[in-house]
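Chemist: Residues or ranges marked as domain 'G-protein coupled receptors family 1 profile' in TrEMBL: 2-251. TrEMBL lists 21-42, 62-81, 102-129, 158-184, 205-222, 234-253 with the feature transmembrane segment.
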Amino acid sequence: MGNISIIMLIRSSPQLHIPMYLFLCHLAFVDIGYSSSVTPVMLTGFLKKGTSISVAGCTTQLGSVVTFGTAECFLLAVMAYDRYVAICSPLYYPTHMSHRICILLVGMSYLGGCVNAWTFTGCLLSLSFCGPNKINHFFCDYSPLLKLSCFHDFTSEIIPAISSGSIIVVTVVIIVLSYVYILFSILKMCSTEGRQKAFSTCSSHLTAVILFYGTITFIYVMPKSSYSTEQNKVVSVFYTVVIPMLNPLIYSLRNKEVKEAMRKLMARIYWWS
């Protein structure tokens, strides 16, 4: 009962929600960043049945998508660690998740995104293109650009895959370990209400993690020969447009007022039908 009361106290203190809101703000900014890098060009291409973009613009677009996408990987891992500290070590939460540490973690997330983007853009600039430079895609993703090049060595394909794969593995390990410890802590709770609140705290984040990591693993880690360009396009739309739209809804459903509004809306739709 002592552990449960401590967790309830930590969760009820507005001051201790600041790190969570800080991470959510940056997650929203990252979602807006890489969705805005892709969606305008995609809509222009749909309306005009094709659009043109300069090499510099293509490189910038790829760098922006990779930067923000990688930053989201690190932010999701940081948010998992934040939940681990809040549930498993609540008394140490103000120390382990101080404002200075939170800012440092957010800064490292953006730095990791920039470094990963540098590997992609560096390999892209080393490629040579000849013939009709038309890609069967709605934005400058690395995979279709690699297929378009008239010659590329093995390193141009393997370096971005290793870089992205390493980031995915490291962040996934952090997330999995955090939730393993969280699960053990939840199972030790005697109160059903405490368990429900702990699961509610983690459910939205786990949903976002599964959606995001599932799609980027398919695109950037699996061998390019294992899927077609059309499959690539569908999955790319999902993680660049759909997931940024879903994330606010996923995290908002934890709010009681939002849940009540959704319940009333569904009741009205059912009544009208």
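Just so it is clear, glycine is given a Cβ too, placed from its N, Cα and C backbone atoms.
Where the annotation comes from TrEMBL, it is an automatic prediction and has not been curated.
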Chemist: Assess whether the transmembrane segment (158-184) lies in contact with the transmembrane segment (21-42), where contact requires at least three Cβ pairs under 8 Å among residues 6 or more apart in sequence.
Modeler: no
Chemist: Average pLDDT across the domain 'G-protein coupled receptors family 1 profile' (2-251)?
Modeler: 79
